[in-house]
Amino acid sequence: MPMQEPQRRLLDPFNSTRTGTPHLKLSANQTGPWCLHVSIPDGLFLSLGLVSLVENVLVVISIAKNRNLHSPMYYFICCLALSDLLVSVSIVLETTLILVLEAGALATRVTVVQQLDNVIDVLICGSMVSSLCFLGAIAVDRYISIFYALRYHSIVTLPRARWAIVAIWVASISSSTLFVAYYNHTAVLLCLVTFFLATLALMAVLYVHMLARAHQHAQAIAQLHKRQHLVHQGFRLKGAATLTILLGIFFLCWGPFFLYLTLIVLCPKHPTCSCFFKNLNLFLALIIFNSIVDPLIYAFRSQELRMTLKEVLLCSW
């Protein structure tokens, strides 16, 4: 079903916040004086992208440098870093292109600008999809390592991991290309929102199950050492905090953007929804922030990777 306004392109509001042709065409009467619009300065946007770029490049270099990290788990982490890198770079690239065009420093044809916009949109959408896929892949990998520890190396082999990585990248690029081609259909947005909810549900179920298994192990150890109450209390607090941080950051950083897509389908012209649409830049900034946080959660907690990172930094100096 063809989509109504406001949806010419998924990231058009991102462009229109800086151009003179507003995509949403919101008037004061539509949004009301109570509407809260959080403005994200271009400098902050570019700074977040630069931090994400440097951080994720260091993760990729560290994993590539250390042969001890050439395992399925670290391959998934490396691909997550690469996806996060592309998310940040593509969004920042579009921001930079808009600023350059606004300043009149780049004179080019409309068709060329449209082609550049298509390429950047494919990068943005593809990197977002691949980032979500690799977050799910890391959760599955950790689940297998805990519940099938003795068979882990026979289940998660390097060839299978490589095929999974190739499949994720191919699916991400293909889906993003289809999205750009059929951006004006509600089915596209519904597929993206469904994919996000499925990834969130998968991660929640797997990590909660892993937390329950770890709790059982802690209970058994506590009974052996006769320190059951203290160990249980400490483990519950630490495990709950870790799970809350892991899923909480994922939901807070990605949730607003996919809520934005959902509201475009459900209430494209409602005043409350129209007010929400005006904050797309904030939602994109949260996604870039997630690209900064991901290495701290998934990569830098590894002592081996931290040691390699120190070597990389020392060599660069």
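Counting begins at 1 with the first residue displayed.
For all residues, glycine too, the Cβ spot is worked out from N, Cα and C.
Keep in mind that this is a model prediction, so the values were computed, not measured.
Pulled from Swiss-Prot, these are the features on record:
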CARBOHYD  Asn15  N-linked glycosylation site
CARBOHYD  Asn29  N-linked glycosylation site
LIPID     Cys315  S-palmitoyl cysteine
TOPO_DOM  1-37  topological domain 'Extracellular'
TOPO_DOM  64-72  topological domain 'Cytoplasmic'
TOPO_DOM  94-118  topological domain 'Extracellular'
TOPO_DOM  141-163  topological domain 'Cytoplasmic'
TOPO_DOM  184-191  topological domain 'Extracellular'
TOPO_DOM  212-240  topological domain 'Cytoplasmic'
TOPO_DOM  267-279  topological domain 'Extracellular'
TOPO_DOM  301-317  topological domain 'Cytoplasmic'
TRANSMEM  38-63  transmembrane segment
TRANSMEM  73-93  transmembrane segment
TRANSMEM  119-140  transmembrane segment
TRANSMEM  164-183  transmembrane segment
TRANSMEM  192-211  transmembrane segment
TRANSMEM  241-266  transmembrane segment
TRANSMEM  280-300  transmembrane segment
Hey, does the transmembrane segment (38-63) touch the transmembrane segment (192-211), meaning at least 3 C-beta pairs closer than 8 angstroms, sequence gap 6 or more?
no
Seg_contact(the transmembrane segment (38-63), the transmembrane segment (164-183)) with at least 3 CB pairs under 8 angstroms, min sep 6:
no
Once the chains shown are all counted, how many other Cβ atoms turn up within 10 Å of the Cβ of Cys315 (S-palmitoyl cysteine)?
9
Positions on the same chain near the topological domain 'Cytoplasmic' (64-72), where near means CB under 8 A and six or more residues out:
78, 141, 156-158, 160-161, 302, 304-305, 308, 311-312
